[in-house]
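To start, the structure under review is shown below, and the notes come after it.
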Amino acid sequence: MPIVRWLLLKSAVRGSSLIGKAHPCLRSIAAHPRYLSNVYSPPAGVSRSLRINVMWKQSKLTPPRFVKIMNRRPLFTETSHACAKCQKTSQLLNKTPNREILPDNVVPLHYDLTVEPDFKTFKFEGSVKIELKINNPAIDTVTLNTVDTDIHSAKIGDVTSSEIISEEEQQVTTFAFPKGTMSSFKGNAFLDIKFTGILNDNMAGFYRAKYEDKLTGETKYMATTQMEPTDARRAFPCFDEPNLKASFAITLVSDPSLTHLSNMDVKNEYVKDGKKVTLFNTTPKMSTYLVAFIVAELKYVESKNFRIPVRVYATPGNEKHGQFAADLTAKTLAFFEKTFGIQYPLPKMDNVAVHEFSAGAMENWGLVTYRVVDLLLDKDNSTLDRIQRVAEVVQHELAHQWFGNLVTMDWWEGLWLNEGFATWMSWYSCNEFQPEWKVWEQYVTDTLQHALSLDSLRSSHPIEVPVKKADEINQIFDAISYSKGASLLRMISKWLGEETFIKGVSQYLNKFKYGNAKTEDLWDALADASGKDVRSVMNIWTKKVGFPVISVSEDGNGKITFRQNRYLSTADVKPDEDKTIYPVFLALKTKNGVDSSVVLSERSKTIELEDPTFFKVNSEQSGIYITSYTDERWAKLGQQADLLSVEDRVGLVADVKTLSASGYTSTTNFLNLVSKWNNEKSFVVWDQIINSISSMKSTWLFEPKETQDALDNFTKQLISGMTHHLGWEFKSSDSFSTQRLKVTMFGAACAARDADVEKAALKMFTDYCSGNKEAIPALIKPIVFNTVARVGGAENYEKVYKIYLDPISNDEKLAALRSLGRFKEPKLLERTLGYLFDGTVLNQDIYIPMQGMRAHQEGVEALWNWVKKNWDELVKRLPPGLSMLGSVVTLGTSGFTSMQKIDEIKKFFATKSTKGFDQSLAQSLDTITSKAQWVNRDRDVVNKYLKENGYY
């Protein structure tokens, strides 16, 4: 839903005359010079005094007519010039510096909410009755959050609001009541509001999701919600802050044929005046961002393996693919109850597949919503990655039922307490249920590397990042809150011991259940459980940005010196950026085992090893840092793979590539190390090797073709032996590890243009399109589609496009869509880009073909040109206040590798508002800078290496 930013002072009235006396604060704010430039710009020659008079005349209202003041300033801030009558309201905001929060003269205790969507007008009628605790009866105003809401009436008891003042930019509405209203109540007060909202199509608040009925082919809509972080205010007037918890009793009204769902189970349901009315039981005390309700045609499957109903809902014809998630949900809830020693408190658990969904999933208490592909699973037609993805997403959202729902962060800088814990717990439970997946090994190449990649940018942020206002919150739902947060928890669990860690977490959850907590509360609980000073050690990691590189030097006689410095991918750390001393657990691995006692808590430290022939820092990659060795040590470690665990081998590959990219070591050290590991048996290590080579190839994307061909030749020589040994026949008797290894090697060989493998892939595709639907194993279907796209041609494009329109599974649909972006021909690229706005591709999926375009020069250029040309439409479809525009900006810009492109990108956005995605843009520019510096620095040395080793 586009956020309409009003710059003029306007009156929104339900009548004709504008007479009477306005609230004094209205006049004070409108007239104060601080607001004038943002509120009303008069024609040339109009005097300043006349401008004030015009605004004042426009703002005069007779109750109960309404005025909206919509400007770029808050109604009340620490320095607002409110009138004396309302000065106390202004002062209420001073209690929390650097945050724009609601006044606390009243706080919510309970909501009775009724909503009725209209699928013809795409609006909804609503009423909400909020029980308020009155903290300051001297103040006769109530301020709460609203967005795109048409308020019809508001009253407390029998007293109607005299004025309603909406501040669109701040997303608040203030209801003013006659003097003495609040003091007349002996107990709590009840605020009744009637309103109309927009059933928008922007995947925020209460919105409509379009889909094609699988059984009839009709276009239909479901009405669903996405409230996090601050979009409950789009669905109903509320106190939309995480620490303003309350209980909710929700009622839904619609056509009787539709299913009604909400957080709780049904209390009563009946038909009145031809409409179905469903009343749900009252929720526990919870935050507004967890409120959820759905009105749609739905069917379900269920699992009876838990003490309460566990269901997976989907639109008719899709529900059969929900059984995997239903069974996993039942098993996971039981596991988490046992792990935490706290019972899941709600009477049911519903999971719902939503057709248009901006995120992967949302942990609404008792009613978790998902993107379709992240919940429904056709195991016979899905990749291993998809199976694992569904499992991890489901378990992530179920972990939130405790982390986030039962205990909620006090404010958004504590988001990592929600997301970091849920990420760590999803890996923890996956490892319990599927040990053959080797998730803790995959963690190193997945979660940890994602965290380090983003945190190596100058534009990164601390785990606990200050958040002032609503439009800043979406930008911190990133790899820092999720992946670095989870990595920090893994580091703590290794330090304290897993059993002690879980014990402390359980104490934390029990102490703060149904309430809010801060990071320090977690540290204190872990300290109580372990007896260690957790707070002083871990506060540095959460409150400071970045991570260190540990440089290791040797004197040749057994003395090893470790030195820490802030790491940046651009390797240009300034002195004022290198002041933090991180507490680093060195976890030194030698032939005698692992010494976990060595902690680097100063700039440098020297120790002595009896036998320095073998050692590795950061055993199992449990620490959040990278290690830089001497060239000689890199060479030795490359030859000592048999002494290293899978995590250690993955860590070595990741570290040497990262250090090559930033210039801490030569890229030849990376190429030399991986070239010796052509007999590696672990799919996890191979994943990291291939990912690292792919990262290098993306940096060399705009280099001459012969250089790119030489890199492909290097890859072919490295992987061909293992690829051809394994083959590409997938058997049901193959273990998970064997299947994953086959997929990884087959994909790498196709990308490197191994002639035999490419030929096999193309034959599979030909046979598949000729009617043999078994010709392409589901596990490698995306690889085959990408290979076909790289070969190109209009005929192949038509075949892939047809698969996208009529897929046999959601997995296949997305694989085909992504591969459409891999076709290089200009006309085909133009055609793919055209689908993004003509309804062929859902808004939630427009980034998918963009991912394919980033694989080749032509796509990177075409995508950027399209972004520039269609910028206004992008902003309209993907409002900056939501999250997807930032993703599109990143995809549209970060594929470049030259400083010249940085100048061009900066010039384009210099005339645009970057509000809501400024951090994404800064990170993208940092990424381009890093790549440009890498290729400029090591171009010659890489060319020399490739030529000397016969790859040209």
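Every residue gets a Cβ built from N, Cα and C, even glycine.
Take the substrate site that Swiss-Prot assigns to GLY360, ALA361, MET362, GLU363, ASN364: the candidate from GLU228, GLU241, GLU472 listed for it is GLU228. Swiss-Prot names HIS396, HIS400 for binding Zn(2+). Of GLU413, GLU419, the residue it gives for the same site is GLU419.
The N-linked glycosylation site entry in Swiss-Prot, when matched to the candidates ASN281, ASN381, corresponds to ASN381. Of the candidates ASN94, ASN713, Swiss-Prot marks one as N-linked glycosylation site, and that one is ASN713.
The local packing around GLU397 (active site, proton acceptor), expressed as other Cβ atoms within 10 Å of its Cβ over all shown chains, amounts to 26. If you check the recorded positions ASN381, GLU419, ASN713 against TYR482 (site 'Transition state stabilizer'), the ones with a Cα inside 10 Å of its Cα are GLU419.
Its Cβ taken as reference, TYR482 (site 'Transition state stabilizer') is surrounded by 24 other Cβ atoms within 10 Å in the chains shown. For ASN713 (N-linked glycosylation site), the nearest neighbour among the binding-site residues GLU228, GLY360, ALA361, MET362, ASN364, judged by Cα separation, is GLY360.
Farthest C-alpha pair in the substrate-binding residues GLU228, GLY360, ALA361, MET362, GLU363, ASN364: 13 Å apart. It is 16 Å from the Cα atom of GLU228 (substrate binding site) to that of HIS396 (Zn(2+) binding site). Between the candidate binding-site residues, HIS396, HIS400, the densest Cβ environment within 10 Å is the one around HIS396. In the shown protein chains, 25 other C-beta atoms lie within 10 A of the C-beta of GLU228 (substrate binding site). Only HIS400, from the recorded positions ASN381, HIS400, GLU419, place their Cα within 10 Å of the Cα belonging to MET362 (substrate binding site).
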